[in-house]
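Record features, source TrEMBL:
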{"type": "DOMAIN", "residues": "272-378", "note": "domain 'PRD'"}
{"type": "DOMAIN", "residues": "381-469", "note": "domain 'PTS EIIB type-2'"}
{"type": "DOMAIN", "residues": "468-615", "note": "domain 'PTS EIIA type-2'"}
Amino acid sequence: MALVDRWYEILNNLYMHPKISQAEFEAGLKTSRQTLKKNIQLLNQELGGIASITLEDKVYHLTIKDFAAFKKILAGKFRQDTDFNSSNKRQAYILKQLIEDQEAVIIDDLTEVTTVSRGTVNNDISHLRQELTDYHLTIVGTPNKGLTLEGDELDIRTAYVNIVLSYFKEDQFTIKDKTHLLNLAPNFNMTNFTKDLLLKVVYVTLLRVRQGHGLTSEILHYQNFLQGQEDYEVFIAEIEDYFNLTLSHYEYQYLAYPFNIYNKEDIVPESFNSAFVDHVYQEVLQAIQRDLAIEFDQEKLYQAMRNHLIFLIRRLLFRVNSEDLFFHEVQKQYPLSFTLAEITGQVLEEVLDREVPGIELSYLSLYFELVISRQVSLKSQKIAIVCHTGKGTARLIKLQIQRILGTSLELSTFSEGEFNQEDPSQYFAIFTTIPLDKTRIKRPIIQLDNLFDESYIRSQWNSVQRHNPLFSQLVYLDFLTLDQGESYEDLLQVMTDKVIEETGVSAEFQQAIFDREAISDKVFDQGIAMPHTVVEDFDQIILFIGQVEADIKEKGRPIDLVFLLGIPSQTNQVMDELLINIYEAIFAVANNQDLKALLKTTHSLEEIQDILQGDDAL
């Protein structure tokens, strides 16, 4: 990774989390302590008096002294100031020429401007080709002519905004132009991110329209929520007048997208055609049922998630990454919900042909958690925000949470003293900037300045369910060491034979397992397999664990543990909740190497049950 890109990783994380523990920062950036210190030392030199990063009591702090200058840095000033010693900047320049030049681009011209060898430029082109595959764009080389760029107009613009304008300024825009545009823009409570994106989108639109490369069709799965609003109509008319050009209906729709990608207020009109979102949701439900036999209130989930899905689809269409408020510890806290979010992400990737960023999966996880949580009903989506500073800061945090999760949640802000008078059990989660008494509060505590450093809260929150006294009555639990066999099918054959022998279920159980695996195998990347099916002639949940000692792989994926599940065709609420507990335990094991190793080597049924119901798993 180029040094300037590492700087932006550091700055963006510290901007969203002004305090980050040293160990957590090193783990998140996947770098050594010495390297991180050196990177921050160099970054502080570049920041000058604008901001500073300090390390106190093993916690990194960001202090911003000049907010206006710092915003320019976040908008890309460091990247723009780099020279062509940066491979990423050279690639951005090559793409810039491919898009802005009306003629084929000659490699010799690129070497002359970037002052590097022809071989280096060819390497840059190879890397750029790879990056552009995500945008469905192709660099075509024609002998004796040069290089050209081929692809859909929307994808070309998106690549220009995301890649070129990260390293190069909108050089045809004067400061006067930018100021005029922002003054004209509809007053929709624009964040700095939206302002920056809007300028880039207007710039690339003017560039491409003047080149004769206007949009010629509707953007699939996109509806402009500002359609017909007077402020937006005036904005477009002023752009046409100021820059002396005429914009088509398709450009009119495209220019609105910076205002249409985040869930704020009640921007979704009643006329919105939700057919595609409904279709995506049904595809998600089908995918979940294929992978996990889990019951939850599908209608309540849809009502909670609908608006988020609408705007998530828009962010994916335009390849806009969400700002990171929660970082990536959600997977550790809510392993089952995160798995459901991953399944949702796979569906979105298939229907939209877009990669879903990990942070979006974290946001989706919270919606699943709202529904499958046994302690708080969906009707009570109350969240507390506890802040030691003034009401202004608390309101900023509240607005940020609303922007990410939507306005359907009931958010209440408190000082520490005020919250001490509250009953914490009425809240689904507590966001806080100060330490709270965890012995009093049995709800998830999200420490905003400490990156979700609360992994044990989950165990306290669900302690009653973890140690469910009905476990032994409702679950048939057994295990088997598998030290022979040459394939995943061999393992399933041995395990299903054993289940049929021990429980007396019919041979149809075995066939049902193999039939489901033939449709889609249930082998996960963490070395975990979870084949499952519905059982008609057994009234307990079957959980049969295979401890794989043989060197077995399925489609190149190693298998360490097999969780064979049989779910009774008729279940009650207690069994449904217990099944959710089992799923959470399985995915907790999958995400914890120590726990997985312990479960793989334990040969006591009682100890296995303790592991599955223990604090580390559930």
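For all residues, glycine too, the Cβ spot is worked out from N, Cα and C.
A TrEMBL annotation is a machine prediction, not a hand-curated record.
Quantities reported herein were computed from a predicted structural model and do not represent experimental measurements.
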Secondary structure content of the domain 'PTS EIIA type-2' (468-615), with strand meaning DSSP E or B: 68 helix, 35 strand, 45 coil
Per-residue pLDDT averaged over the domain 'PTS EIIB type-2' (381-469), given as an integer: 64
Secondary structure tally of the domain 'PRD' (272-378) (DSSP, helix then strand then coil): 75 helix, 0 strand, 32 coil
